[in-house]
Amino acid sequence: MNIKKEFIKVISMSCLVTAITLSGPVFIPLVQGAGGHGDVGMHVKEKEKNKDENKRKDEERNKTQEEHLKEIMKHIVKIEVKGEEAVKKEAAEKLLEKVPSDVLEMYKAIGGKIYIVDGDITKHISLEALSEDKKKIKDIYGKDALLHEHYVYAKEGYEPVLVIQSSEDYVENTEKALNVYYEIGKILSRDILSKINQPYQKFLDVLNTIKNASDSDGQDLLFTNQLKEHPTDFSVEFLEQNSNEVQEVFAKAFAYYIEPQHRDVLQLYAPEAFNYMDKFNEQEINLSLEELKDQRMLARYEKWEKIKQHYQHWSDSLSEEGRGLLKKLQIPIEPKKDDIIHSLSQEEKELLKRIQIDSSDFLSTEEKEFLKKLQIDIRDSLSEEEKELLNRIQVDSSNPLSEKEKEFLKKLKLDIQPYDINQRLQDTGGLIDSPSINLDVRKQYKRDIQNIDALLHQSIGSTLYNKIYLYENMNINNLTATLGADLVDSTDNTKINRGIFNEFKKNFKYSISSNYMIVDINERPALDNERLKWRIQLSPDTRAGYLENGKLILQRNIGLEIKDVQIIKQSEKEYIRIDAKVVPKSKIDTKIQEAQLNINQEWNKALGLPKYTKLITFNVHNRYASNIVESAYLILNEWKNNIQSDLIKKVTNYLVDGNGRFVFTDITLPNIAEQYTHQDEIYEQVHSKGLYVPESRSILLHGPSKGVELRNDSEGFIHEFGHAVDDYAGYLLDKNQSDLVTNSKKFIDIFKEEGSNLTSYGRTNEAEFFAEAFRLMHSTDHAERLKVQKNAPKTFQFINDQIKFIINS
């Protein structure tokens, strides 16, 4: 029997009296204050005597239930409706008042929220990140609908969300009310009851009774096509394997039972389902709620205590040395002035007294301040005459540093770095042996890391891993400096920029942690600069250790699959929620290797290189790993689209002939193998965003980040390719000498004349000026191309001459 909606309406209205009598609070047996069934004559005097008392108790009970409902709704229902829309808001609220308070209490217990909003529900923050597939929905009748035209949606997840459009229609339009209850039924079956043990055991008899009925009315009302077509009786195993189908039936039955003018339809066509809902009483819901609380460890204290208990023996067995090591991991050790001064030779001390630190272009502000403090301490040993002499020397800050002074400050720069294990692991991608730090300190890092690895021997275990989520708040810039400044809305810092967020999310598929993650057992409020809120599910074999104050330290070198990225709102401020699951790092490494193989095959073909040439390398080890890989495609396409193909092929072949690479990485550039042969400028390159290494003929690009004057990583890559053009042009001029063309007298003279006419970074030296001019000449912005021709015409002509020379060689 194919039940039409119109028919349901007629039946519903014809049974309106019945419906009204059945529309009291559901699942909760109410005391009937006046009269009842049975032998009235025998008890009429007693009942009349107690009538007032029963009525009073009844009113008190209903009042208690109403207060309980209001208290729950205060916690889970958020009204986001303008003042003039109050009538629409109230209509939606009245729908929720018909839902049993115990159902809403279970929803509250799992962290669920209900939002009543104006207009298009897809514009709500919780639904903005939905995929296009999930925006195609079906209503309770199986009719297709587009979410932006619909009025209610239940979003599943660890903390489910129900979004309801405010509308007066719910008062008269019972179908709209029915669909709201249908979505609530989905939450009840999918997000709550499915989490308890044997959730469908009692529902099995209901389904089989409907299936074996003499007519198909109950199936037509509630069953999905798959359930209708199932040839035999349903078993528990079948229901467990087809839980979505069962949840659909439950949600429909719930909706028909709750909506007053449709309740009689359920009783008429599927009486077994009606009786099931009718008996789904307060006691059963309470049992479900208790089981749910126990299984999900909803109490924050209980969750904390269980983890502490799991790691109690581990904590008790820690030696003082082990505790000190974990403290060292959490709190970087700042350098001590006295230790640094003591390590200096007398000659170095004399040099430090006279160096004009402000004129150093490779020291950070913090480093300059620290070195000035060293100078002050050393000056105490000067005579008054020497101090006066030193003051006169330092008045003129325009004097450049001598080469000797530069080399000394480069050495000293390493000595003033904090001893920070996690930062070191992040900078190197866990490759501790890279030579970007002096040997003694490197050995200390290796010892400490090996000892911490040994401490973290206990896994989280199968009893805990699937029941807990761990949390980490993160500064956006620690993940992506490119988008970090733009992700927060510039007009309202409580909001996230939607356009930038979509770009941020698009390439975020997997992650790697090469250092030790320190995570919170329970989510904590974010600091001002923490706008990323990670929620991480562990694997049972994740090794961890318990720290004080509700934190765990996780092993290094783990993989993370990104399950969802969405904007959430907490305390009137928007954050980005990243849901991730711990997986073996090897699984993520395989994804990266497959992507590297694919991109090399594509570009080898495009550039006419041998099939198995390994031109492109992904040296990726950190938390925004997938973005490095995905962005490489965009960077290379923009490079190809903005530079002459003949020039690209000629220069790329030159690089390949020298075993050169295009290295896309998220670790600092001095730690890249292709850079090891080029260590004389290692100190300046710690924070470099890009680098061309003539010795290895390789372009290194650090991301996700951008330089001071670069709009994106593509411009950085074109700048570095400009250095490769400089190198190849010099090689063609004299293959024996193989010097940069920018070292020619002709270009040195051009630099003296035009070197200050383009960008501040271009003023650094001849090579950087050439690369900056090359970048501007191949910009997607026509105005920047003209800028070189107008402001540096000789440079423009010189570079064009080199391009023609290379192409025709």
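Going from the start of the chain as shown, residues are counted 1 onward.
Note that Cβ sites are derived from N, Cα and C of the backbone, with glycine treated the same way.
Taken from Swiss-Prot as is:
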SIGNAL    1-33  signal peptide
REGION    39-66  region 'Disordered'
REGION    60-295  region 'I'
DOMAIN    70-282  domain 'ATLF-like 1'
REGION    296-330  region 'IIA'
REGION    315-416  region '5 X approximate repeats'
REGION    336-416  region 'III'
REPEAT    342-357  repeat '2'
REPEAT    360-378  repeat '3'
REPEAT    399-416  repeat '5'
REGION    420-583  region 'IIB'
REGION    585-809  region 'IV'
DOMAIN    609-804  domain 'ATLF-like 2'
BINDING   HIS719, HIS723, TYR761, GLU768  Zn(2+) binding site
ACT_SITE  GLU720  active site, proton acceptor
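Mapped onto this structure are the features recorded in Swiss-Prot.
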residue: HIS719; record: Zn(2+) binding site; Cβ neighbours (10 Å): 28
residue: GLU720; record: active site, proton acceptor; Cβ neighbours (10 Å): 23
residue: HIS723; record: Zn(2+) binding site; Cβ neighbours (10 Å): 22
residue: TYR761; record: Zn(2+) binding site; Cβ neighbours (10 Å): 15
residue: GLU768; record: Zn(2+) binding site; Cβ neighbours (10 Å): 20
Could you name the residues, excluding HIS719, HIS723, TYR761, GLU768, of the same chain that surround the Zn(2+) site, i.e. Cβ within 8 Å of the Cβ centre of those residues, in sequence order?
GLU720, GLY722, GLY762, THR764, ALA767, PHE769, PHE770, ALA771, GLU772, ARG775
Work out the three-state DSSP category of TYR761 (Zn(2+) binding site).
helix
Can you tell me the mean pLDDT for the domain 'ATLF-like 2' (609-804)?
87
Under a three-state DSSP reduction, the secondary structure at HIS719 (Zn(2+) binding site) is helix
